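Only one structure is covered here, and it is reproduced in the block below.
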């Protein structure tokens, strides 16, 4: 998970349809230090129909998530990528201060009601009922974090989370 600005792009002739290689200037890394401490290139399919993403050169800073495979960082339409200035304050605070508190939690999407957590380390993601992807209210304003006794729940607020209280009423 990085914050980066795209400074170049090149179509690589890998595979039958090609791969786009974006050269990035990494501003900050939020996750993945152990695997790759610095990212210089992001790879994606050249075609959007194959889940490739289109990033603009020298225009925006992006939040980019992906996976590392054989020493290269790949992203696609199923990963979270967004222009940095379109992130909500809650999402920015989550990246810097809260999301890491949920590393032991699992987010389970709810596609239709009723939905129930099947273990104490699950947060039910309700955005799938009305909005697809990371554009829903819950994704924009809440963080799934681990609370007391290993229970996970949604957290929204400006103060650091109180790990002794479990609030099951938020989304």
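Backbone N, Cα and C define each Cβ position, glycine as well.
Per TrEMBL, these features apply:
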DOMAIN    1-103  domain 'NTR'
DISULFID  105-152  disulfide bond
DISULFID  110-115  disulfide bond
DISULFID  123-144  disulfide bond
So what's the average pLDDT for the domain 'NTR' (1-103)?
88
Close to residue 144 (disulfide bond), taking Cα pairs within 10 Å and only the disulfide-bonded residues 110, 115, 152, are 152
Take the C-alpha atoms of residue 105 (disulfide bond) and residue 123 (disulfide bond) and report the distance between them in angstrom, rounded.
7
Counting across all protein chains, other CB atoms within 10 angstroms of the CB of residue 152 (disulfide bond) number 23
At the Cα level, what's the spacing in Å between residue 123 (disulfide bond) and residue 152 (disulfide bond), rounded?
6
Rounded distance in angstrom between the Cα atoms of residue 152 (disulfide bond) and residue 110 (disulfide bond)
16
